[in-house]
Amino acid sequence: MDCTVVNNVKAATRRGKEDKKVLRKQLKASHTLLKHEGISTASQPTKNLVVANGGLGNGVSREDLSAAMKQFGDVESLFMPPQKPYAFVTYRSEDDARKAHTQLNGQKLQSGENSVTLYLSYVDSVKHKEEVRVHFPEGLALVEDFVSPEEEALLLAAVDWSTSDQAQKALKHRRVKHYGFEFCYDNNNVDKDKPLPAGLPEECLPVLHRCLQDGHINVLPDQLTVNQYESGQGIPPHVDTHSAFADTILSLSLGAKTVMEFRHPDGRVVPVVLPERSLLVMKGESRYLWTHGITPRKFDLVPACETRSADHSEPDLDSHGDLTLSKRGTRTSFTFRKIRHEPCCCAFPSACDSQGGSSPSPPSQPSLPSCHADATRLEEEYVHLVYNAIASHFSSTRHTPWPRVCHFLSSLPPGSVLVDVGCGNGKYLGVNPQLITVGCDRSSALVQICAERGFNAFVSDALNVPLRTDSCDACISIAVIHHFSTQERRLAAVRELVRLLKPGGQALIYVWAYEQEYNKQKSKYLKDHNKPQNGGKSKDKPEEVQEPYKEPSVLSASHLDNNHTGDLKDDSKMTEGKLSVHTNRTAFNSQDLLVPWHLKGRKTPGEEESSSGLHTTNSPDSKLSPSVDTSQVPGGSSVPVFHRYYHVFQQGELEQLCIEVTGVKVQTSYHDQGNWCVILKKE
């Protein structure tokens, strides 16, 4: 046979195999979309396509996907849901959609540092989520282009980062420099009797006089904090201390844009885009009641087309899909405040330290860790020791497996090897008897309970599991990673799960969610919303119980309507120096916090010192661990109260964490009982 003919036959055979492989992948992607997202694909060509792997959740920008799609015809609309690994494209003609479907299926798309393989399927229609209009908190204003590029350069040059003095700090997430008065992160206050030798830089005066002239302030500030954030850095949600500073706070953003999230105690979230050279003005409720913070990440979701006008009218955003990725640069913020010399008498007493709005603390209230050694000490005292001490009581409240975890376990093929990292009392190890299961946990007391129940389990740290690489078909990590106290350690925990997986293996991860209320529907975790129906007893006593949460909009400067007000829950505000103590059954007011566990009620079977690891029974000695306090129960006797460290995850934070791990893809993400959840697949 002629060599040319032979080569053509081989090429056709090879091409045929590749086409079949692409078809299998495409069908699998369609099945995944239906199973996890409820998206039904069509068997016949239509104008509408769903693009698997081509979403914002996979690190694909709107601009890059749009450019790829426009090669094949006129694109009528591009809808990219927030945090999702897929997108929808509608062409003006069915023929153009058919061309894209044929040419792009199985092709790689390079978007920034990410390379993804696209799989396209037809859909009958694209269901856009109804736009939920959210407004700025009352008292919040944003003025874009408040300073010129020339003023921006002068202000940035006025900060000398090369000098090291008392007023300059190198915090974990950013560099900080103080002027006028030093802000002390140990007590989140200022020493009003010790002003710094140098006042505010002269370069700031023209800007402040303009703020005075425009009515943003009525008195000149005397304290300035300069924060410098590299890409990927942020600041925890917090409320500036009431007793330290007067009402109005000014924040000037220089160098790069970012997204700052404002959170009301009732769970409402307002993400606000802060463009470079913009001025943020916080007064009243926005200053005293709402927390504000910046999530550590390298990309923000921002409106793709920001409509701006002189009167700051609201932009016409048709849907949540009108978003794109914005890569963060180095941002420097100038925060101007006026020192308060009298107690605060604001209208929000439960959030005000001057009016007694504070929460109880453990005997030795810890700080956020600043290094690896601090992190391991914090987790040892406020996670490991606590769970050993409360193991029996904790186990008695953890007997009902969550349905969606069971669904994941039931979907695994018979004979699959499953490891439950952080297995607790082993309640998931017996869900699917057709699996080969093993669990591990840092608490020896909980592992002992697993053994007593007939499960295979061993003591191990989640960062270093003594199992071979590529040895497991599936891993689960349920309510574990939120106990790691630094971003690096949380990332290492995800990497360890991926290391254990065989290629093609899956991991299911659950972490507690910051959001605990949406659309006036409180989660079952919140106070008065976990009462059993029909007078029956609750099957479980979960600490992570929640209704589904809907993604918030992202706001630009032109969303300037102040319609929302609300009452504050009795919760402690976030303080950067010391960890706040959460008030159980209320909305979260900070991401890094201590959650109390009360050992109350009669002993459950097996709750003895020998098996539970309890430090004490009738008369607990809080000196044994800084995490232990005592509280009074009816009758006058005292019971131990243990404080557990948590980092509760904001929307999108878990997906961003997983994206940083190489060799794995986020198959899907969802909300379940107050947790953010992802399913990962190892490539």
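We number each residue from 1, going along the chain as drawn.
Cβ coordinates come from backbone N, Cα and C, glycine included.
Any TrEMBL annotation is an automated prediction that lacks curation.
What TrEMBL records for this protein:
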| type | residues | note |
| --- | --- | --- |
| COMPBIAS | 524-550 | compositional bias 'Basic and acidic residues' |
| COMPBIAS | 561-575 | compositional bias 'Basic and acidic residues' |
| COMPBIAS | 611-635 | compositional bias 'Polar residues' |
| DOMAIN | 47-125 | domain 'RRM' |
| DOMAIN | 220-340 | domain 'Fe2OG dioxygenase' |
| REGION | 524-575 | region 'Disordered' |
| REGION | 601-635 | region 'Disordered' |
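The DSSP breakdown of the domain 'Fe2OG dioxygenase' (220-340) into helical (H, G, I), extended (E, B) and coil residues amounts to 5 helix, 57 strand, 59 coil. Taking DSSP states H, G and I as helix and E and B as strand, the domain 'RRM' (47-125) has 25 helix, 29 strand, 25 coil. On the 0 to 100 pLDDT scale, the domain 'Fe2OG dioxygenase' (220-340) averages 84 in this prediction.
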